[in-house]
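Notes follow once the structure below has been shown.
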Amino acid sequence: MPRKKPFSVKQKKKQLQDKRERKRGLQDGLRSSSNSRSGSRERREEQTDTSDGESVTHHIRRLNQQPSQGLGPRGYDPNRYRLHFERDSREEVERRKRAAREQVLQPVSAEVLELDIREVYQPGSVLDFPRRPPWSYEMSKEQLMSQEERSFQEYLGKIHGAYSSEKLSYFEHNLETWRQLWRVLEMSDIVLLITDIRHPVVNFPPALYEYVTGELGLALVLVLNKVDLAPPALVVAWKHYFHQHYPQLHVVLFTSFPRDPRTPQDPSSVLKKSRRRGRGWTRALGPEQLLRACEAITVGKVDLSSWREKIARDVAGATWGNGSGEEEEEEDGPAVLVEQQTDSAMEPTGPTRERYKDGVVTIGCVGFPNVGKSSLINGLVGRKVVSVSRTPGHTRYFQTYFLTPSVKLCDCPGLIFPSLLPRQLQVLAGIYPIAQIQEPYTAVGYLASRIPVQALLHLRHPEAEDPSAEHPWCAWDICEAWAEKRGYKTAKAARNDVYRAANSLLRLAVDGRLSLCFHPPGYSEQKGTWESHPETTELVVLQGRVGPAGDEEEEEEEELSSSCEEEGEEDRDADEEGEGDEDTPTSAPGSSLAGRNPYALLGEDEC
């Protein structure tokens, strides 16, 4: 029997590290030499990985990786629909870090906030989305999938050949997720494209509009979601912008949590939050508009009277709940039939699919990640039936929900279309998972040059001895000042954790508590006209009518504390699985950072 070889403590440590890396699904087991939490986060994703097709040599980051030892008991791969983005090179990340430390931030003019869709997507260029290639029933499943993979690689090759990596935005490189979109479009009678009102041009790919209304011959309804986060005049301006440029669109305004815009707002109280309980989902603004749009599209081919009756019941129930002071959400309403689509349901359908089959209209909900597709479905149903999360890519596969016996909703995973947007803007739009950003500082600088972050958060320059003196700010200074104010420290050296502070600032922006809204072209010159527009007044009255009136709890303030340590190095974006709770920005004069109860906010994401 051979002698046992000595096994040192160092070797044992390396063995355990490799084992943990394999469980996380990482390929090369890179470990950071830094002991700080921020350093380990930034270097943990440094492994090289390629997409499923070997013809595209660009490095791909596979986000939302789930630990898995292969297929599950039912043959389900939890990483099948994870986000695939092009990886930033190490040199590019370091260059942006240096710029964040050295570049002095200058406020931009209002005209810079105006976005033209022609500059973002360049209609008619290769910035398209992949189409399902022609197929026939004689083809086997393997032949069809192989053909789709070849077509997808050709699509990626054209884009990367026409534009450099520095010009291209993040966009989806996972073919499995695009297959979800193909299936949803094939089975839908009406397509809802959900966008965020703060930046609707970012979420509106013209190629999808041309494909749905042209090649498929379907009606496209543009939903401007989260209208409570933008001024009513800006909402109306965006609505007219899309009507003017895309006449076949049906535009609907929507929000799951409306507020009265006539309520005075304190822009400095970004850390104030209130909890809405009870019948929050039944207060959604927009179901009536969406019903009218669907009635105009179906022109009597589908009986939608049951949908109208449901809306009337929801409105009456919400009014009764406010009057009686009831706080608990009613759970004994009509059951909602949920269908999870299996692989067999993902098979392509024929080109001559019957429209409004069996008297049922199928409404497909598509859009970018984090625009509120799942929240919109919850608002239409009147209670929570879909899990929602701040983390992009939370919806893994499409599901169908029967709103009424004649109305079926289909929720599609969020997809990011190729464009020429700055990647910092995509991060602020919530498209990229914040906890997995390699370099968040330039996104903070992009935000601070467009809204006065230092003034809103009452930040003190880290090098300022006299608080009244003015000092030039860079993105790194803002992150360091926020880390000092919030008490974010690294684990061992107790230095200011600027990486964690940058993530916290980006979460405030994504949540709408640091609201950055973009404008349609010419809005600055015509702002007064839009503010006095009749539709603006109508929207203000409508939001005030359906806004919260008695279903809000006492406001909560966030604690200035360093006791809220993050658990490990994993994504801390928690799924919002509560049964009717929703954190929403609110305003209150005299907001402070120190809460009276030091344990009240131990579960907050920013801690």
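In case you wondered, yes, glycine gets a Cβ from its N, Cα and C as well.
Pulled from Swiss-Prot:
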type	residues	note
REGION	1-81	region 'Disordered'
COMPBIAS	15-26	compositional bias 'Basic and acidic residues'
MOD_RES	Ser32	phosphoserine
MOD_RES	Ser33	phosphoserine
MOD_RES	Ser34	phosphoserine
MOD_RES	Thr48	phosphothreonine
MOD_RES	Thr50	phosphothreonine
MOD_RES	Ser51	phosphoserine
MOD_RES	Ser68	phosphoserine
DOMAIN	178-418	domain 'CP-type G'
BINDING	225-228, 367-374, 411-415	GTP binding site
MOD_RES	Ser324	phosphoserine
REGION	547-607	region 'Disordered'
COMPBIAS	550-584	compositional bias 'Acidic residues'
MOD_RES	Ser561	phosphoserine
MOD_RES	Ser562	phosphoserine
MOD_RES	Ser563	phosphoserine
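Residue counts for the compositional bias 'Basic and acidic residues' (15-26) by DSSP state, with H, G and I taken as helix and E and B as strand, are 9 helix, 0 strand, 3 coil. Counted over every protein chain shown, other Cβ atoms within 10 Å are most numerous around Gly414 among the binding-site residues Gly372, Gly414. A simple way to gauge crowding: the CB of Asn225 (GTP binding site) has 28 other CB atoms within 10 angstroms, across all the protein chains here. In the predicted model, residues of the domain 'CP-type G' (178-418) average a pLDDT of 79. Residue density at Asp411 (GTP binding site): 22 other Cβ atoms are found within 10 A of its Cβ, drawing on all protein chains shown.
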